[in-house]
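Undergrad: Got a structure for you, questions after.
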Amino acid sequence: MKHYVAVDIGASSGRLILGKLVNEKLQLEEIHRFKNGFTYRDGHERWEIDQLMQEIFIGLEKVKQLGILECVLGIDTWGVDYVLIGASGEKLADPISYRDKRTLNAVQNLTSEYPREYIYKKTGIQFMELNTLYQLYVEERDLLERAEKILLIPDYIGYVLTGVKVAETTNSSTTQMLNLREQLFDKDLLSHLNIDVEKFAPLTDAGTYLGKVKEEWLEEYDIPNCDVVTVATHDTASAVVGTPAEGENWAFLSSGTWSLIGMELSAPINNEAAFKENYTNEWGAYGTYRFLKNIMGLWIVQEIARMDDYKHSFAEMAEEASNYPYFKQIINVNDARFNNPENMVDEIKLYCQETGQTIPETIGELTNCVYGSLALYYALELEKMTEITGKKIEKLYIVGGGSNVAMLNQLTAKLAGIEVFAGPSEATAIGNLVVQMINQGEIESMRAGRKIIRNSFEIGEFSCGDVRFEEIKERFTKVLEFN
């Protein structure tokens, strides 16, 4: 029996999950979990990338302690951030987080030189200041000139493990530098940044064998002999692979620190309507495209908890929230002011004050406000998606950590007026494992993998119901007018 390890690292935590296929059912075991985050060093918010590597080795040692001598391994992480590699193969600096303030106004500045419509027509990617395009636009020229290669985070981890440099396509598409038509890094865009296209590794599809873990790591650490497979390395791409969807008329919501809501399509949509609504066409596994909107997620709730010194669990916060009427206060969760404020609670209160609403005071009121606002935003985006694609959405599959928030799932079902299916919460790791198993011939296809997922995990169901959607939508429009 083959053993598979998913290295799944998000913005706030990481985990190594052991998976195997037994009687057409996936069995998972969490082997190691660790915290992730950025710290302010050398003038920027930076990831502790060396510590992440150490956590991976600790996890792999735990795998071997189970008596597993050989395994297959895949890596997925968050998108857009990168590591600059020098001529000798060394890391030039710890990577800067997408939440760093260096890219403030970068979109505006670059698009004043290079029209938005032109960039969108080429790439089909949503305009966000965190995109790699804008990070490189403001990167220190000295570092860029010294860099031989630019590797996104999961590709860097794969490189450290195997010595092989690649640019996996699902994650590379998040950079806003891939040309949709040519299926390559766009030389014209890169030349505008004075970056040679050769600084990027060869584009590689999800499901491609990368290589064996280097001998030096086997000697330094007591870990299994691992074959590394390049999975869908962008965590959302893996989460979509891990979505237990069936049929055609469905949408997905990968709910975690961010909310990524969209549809899986066979061709991109980069027309005027998609451009106007700032939709993105991220590449998916096996020739698909993730037509989606990247919006705020549970980050706001996580920050409320942090400001409260974690006195309440997330379950307790949701329970407290249920004691208040929904939609008493509505915030625009996608407002940039909520990206990384000094104090999230104060920012929400100030927003409500500025928009003529009552100010939420308790932990329950604040949580109620955020969950209601998120559900409203989801429903509005599903409405826009239907208009742009011309496809009727009948089901929404919510995966990731947010699939455990029953209150948010039920509010979304009511506002959107469609059935909502929630789970699995570990869809990203599951999608990672499924791609490995397809590579190894244990699963035939992504469709077959999704059937196995449906048979392996409990999926929650939430029915649509009556709600004052149009009235709430009108109130939200008035709130936006204050801005």
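We count from 1, first residue shown onward.
Note that Cβ sites are derived from N, Cα and C of the backbone, with glycine treated the same way.
These came from Swiss-Prot, pasted as-is:
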- Asp235: active site, proton acceptor (ACT_SITE)
- Ala11, Ser12, Ser13, Gly14, Arg15, Thr257, Gln302, Gly401: ATP binding site (BINDING)
- Gly79, His234, Asp235, Thr236, Asn294: substrate binding site (BINDING)
- Cys352-Cys369: disulfide bond (DISULFID)
Undergrad: Which one is it, among the recorded positions Thr236, Cys352, Cys369, that lies nearest to Ser12 (ATP binding site) by Cα separation?
TA: Thr236
Undergrad: Measuring Cα to Cα, how many Å separate Asn294 (substrate binding site) from Ser13 (ATP binding site)?
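TA: Checking the Cα atoms of Asn294 (substrate binding site) and Ser13 (ATP binding site) gives a distance of 20 Å.
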Undergrad: Helix, strand or coil by DSSP: which one applies to Thr257 (ATP binding site)?
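TA: In the DSSP reduction, Thr257 (ATP binding site) maps to coil.
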Undergrad: Could you tell me which of these binding-site residues, Ser13, Thr236, Thr257, Gln302, has the greatest number of Cβ atoms within 10 Å of its own Cβ?
TA: Thr236
Undergrad: Could you tally the C-beta atoms, other than its own, that fall within 10 angstroms of the C-beta of Ala11 (ATP binding site)?
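TA: A count of 21.
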Undergrad: Hey, how far is Gln302 (ATP binding site) from Thr236 (substrate binding site), Cα to Cα, in Å?
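TA: Thr236 (substrate binding site) has its Cα 19 Å from the Cα of Gln302 (ATP binding site).
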Undergrad: Of all the disulfide-bonded residues given, Cys352, Cys369, which residue's CB has the most CB neighbours within 10 A?
TA: Cys369
Undergrad: Looking only at C-alpha atoms, tell me how far Thr236 (substrate binding site) is from Ser13 (ATP binding site), rounded to the nearest Å.
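TA: With distance taken Cα to Cα, Ser13 (ATP binding site) is 15 Å from Thr236 (substrate binding site).
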Undergrad: Comparing the binding-site residues Gly14, Gly79, Gly401, which residue's C-beta has the most other C-beta atoms within 10 angstroms in this structure?
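TA: Result of the Cβ crowding comparison: Gly79.
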